[in-house]
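Residues or ranges marked as domain 'Major facilitator superfamily (MFS) profile' by TrEMBL: 25-467. According to TrEMBL, the feature transmembrane segment maps to 20-38, 73-97, 104-122, 134-154, 166-186, 198-217, 282-303, 318-340, 347-369, 375-401, 413-436, 442-463.
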Amino acid sequence: MQHKDSSDVKGPPKQRLTVCLISAAFFGSVGSSFLYGYNLSVVNAPASYIKTFYNKTWIDRYNEPIGDGTVTLLWSVTVSIFAIGGLVGALTVSFLIKVLGRKGTLLANNGLALIAALLLALGETAGSFEMLIIGRFIIGMDSGVSLSVLPMYLGEISPRQVRGSIGQFHSIFICLGVFIGQVLGLPEILGQESRWNFLFGFLALPALLQLCVLPFLPESPRFLLMERRDEAGAEKAFQAFLGRSDVSRELEEVHAESRAQNTQRTASVLELFRKRSLRWQLITVIVVMSCYQLCGLNAIWYYTNGILQNAGFQPTVIPYITLSTGGIETLAAVISGLVIEKVGRRPLLIFGFSAMAVFFTMSLSLSLYDRFSWMPYLSFTSILLLIASFCSGPGGVPFVLTGELFEQSYRPAAFMIAGTVNWLSNFAVGLLFPYIQEALQTFAFLLFVVVCVAGAVYLLLVLPETKNKTFMEISQSFSKINGIPDQTQEREMKDALDTAATNGLQCAEVEMESSF
């Protein structure tokens with residue numbers, strides 16, 4: 001969309017990162033993504049101590065030891081109820097952001113984290129394993145909300161030139177949370193019988209940090225302008241995030257998109273399913289989110305300790321060696337954030353899933369432990385490379401992509417669907433993989449090879465590149481596959497911008513500077 005009538009009109013100013021934008025990404029992720037990653041790993045170190053606590057509580061109540069089946073059931077519920085809470089949280093997102101906004105929902109969500117921290121940390125003192133189970137459910141709800149709302153917030157406050165890099169803060173802090181959970185779970189720190197409850201009390205610190213800083217940062221300007229009709233607030237938010245006083249282009253672009261959409265109402269999930277022009281965007285999000293969970297990374301943690309034991313490492317040093325997995329995750333996510341705006345979303349996803357398929361195939365060497373002394377080392381190396389492949393693209397880009405493929409009115413419904421698929425797939429893997437592994441042993445990895453290959457092929461055939469594109473341009477990229485040759489919205493958008501130009505706005509090259 002360019003107007004070339006005058007060579008004297010200057011283009012938009014070069015975009016730069018601002019302290020406000022970086023602060024919003026950092027502190028937004030600390031109290032959201034970090035907590036999710038931390039809760040993925042924090043239950044591993046104190047597992048035996050928690051089971052001992054369950055047995056002690058059972059004896060105090062019923063004057064008899066707890067049965068093996070009962071303690072296994074209680075532990076399974078404690079672990080898996082996190083995903084159920086996540087699903088419940090994801091289903092509330094559309095309502096919450098309509099009432100509270102993006103930033104307001106993130107702030108309110110910290111209340112869940114603080115309640116969960118108290119329940120989990122004080123459950124042993126109160127002699128109540130029910131408090132632990134309820135706490136895990138509540139922190140799951142917190143994660144279900146944050147995994148949808150934070151990527152939405154980051155996508156809407158970021159200039160399109162750096163939208164992918166800012167969006168990758170979400171993935172980086174998930175990986176960092178996993179790593180910190182592993183570190184704090186070491187025996188020398190909090191991984192002891194007398195300290196394991198402090199591992200859960202730590203949940204309150206990131207939530208409090210976000211509560212102290214995020215209130216002073218702006219709300220999403222797109223939300224303020226298109227849904228709250230607060231032009232003055234949106235202008236101030238644009239100025240803060242972009243670091244300049246003249247944001248007339250940004251305001252007019254959002255107005256033009258709003259006129260093109262011809263609605264100020266947030267669409268429902270059912271309306272999104274019925275929208276023909278968004279059919280393949282929705283299918284793409286469902287496929288990518290399914291592959292995100294079903295690609296098998298969660299199953300890898302099941303094998304890591306066994307591989308190291310077969311390699312001859314002493315059980316006492318294995319927790320320190322497994323720190324390398326968390327470190328590799330974080331490093332790969334950081335590198336992905338640095339290159340995503342140069343390489344693009346599509347290549348990172350296709351490369352990530354393809355590389356995972358290759359390294360899963362290498363991991364089939366697990367069945368050859370007894371034949372070659374060096375085989376366990378090869379298997380562990382392939383696992384590290386597999387983790388790096390996941391975090392290079394599939395671990396973070398799906399959340400960025402979900403925010404990019406949909407325009408403002410359909411974005412909340414899209415994130416609710418994406419979150420539902422994510423948590424249902426997470427629960428399915430946790431429920432079914434132990435049975436699949438028991439039946440197929442190491443050949444269970446072949447199922448993940450199929451998922452990774454299918455995901456890569458689908459993305460190769462269907463997904464257009466979204467790097468440095470406006471939301472309207474991305475929507476147009478799907479017009480052919482959706483069977484919508486007559487792009488009324490595009491004409492309305494151009495008409496709106498032409499009207500703005502004739503009214504005195506210099507739109508030599510109208511650019512979406514804020515993820516638009």
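The backbone N, Cα and C atoms fix where each Cβ goes, and this holds for glycine too.
Remember, predicted model here, so these are calculated numbers, not experimental data.
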| Contact check, the transmembrane segment (166-186) vs the transmembrane segment (104-122), 3+ Cβ pairs under 8 Å, seq sep 6+ | no
Would the transmembrane segment (134-154) and the transmembrane segment (442-463) count as touching if the test is at least 3 Cβ pairs under 8 Å, pairs 6 or more apart?
no
Can you find at least 3 Cβ pairs under 8 Å between the transmembrane segment (198-217) and the transmembrane segment (20-38), where each pair is 6 or more residues apart in sequence? yes
Checking 20-38, 413-436, 442-463 against the transmembrane segment (73-97) for Cβ pairs under 8 Å, the most are found for 413-436
Counting Cβ pairs closer than 8 Å to the transmembrane segment (282-303), the top stretch among 375-401, 413-436, 442-463 is 413-436
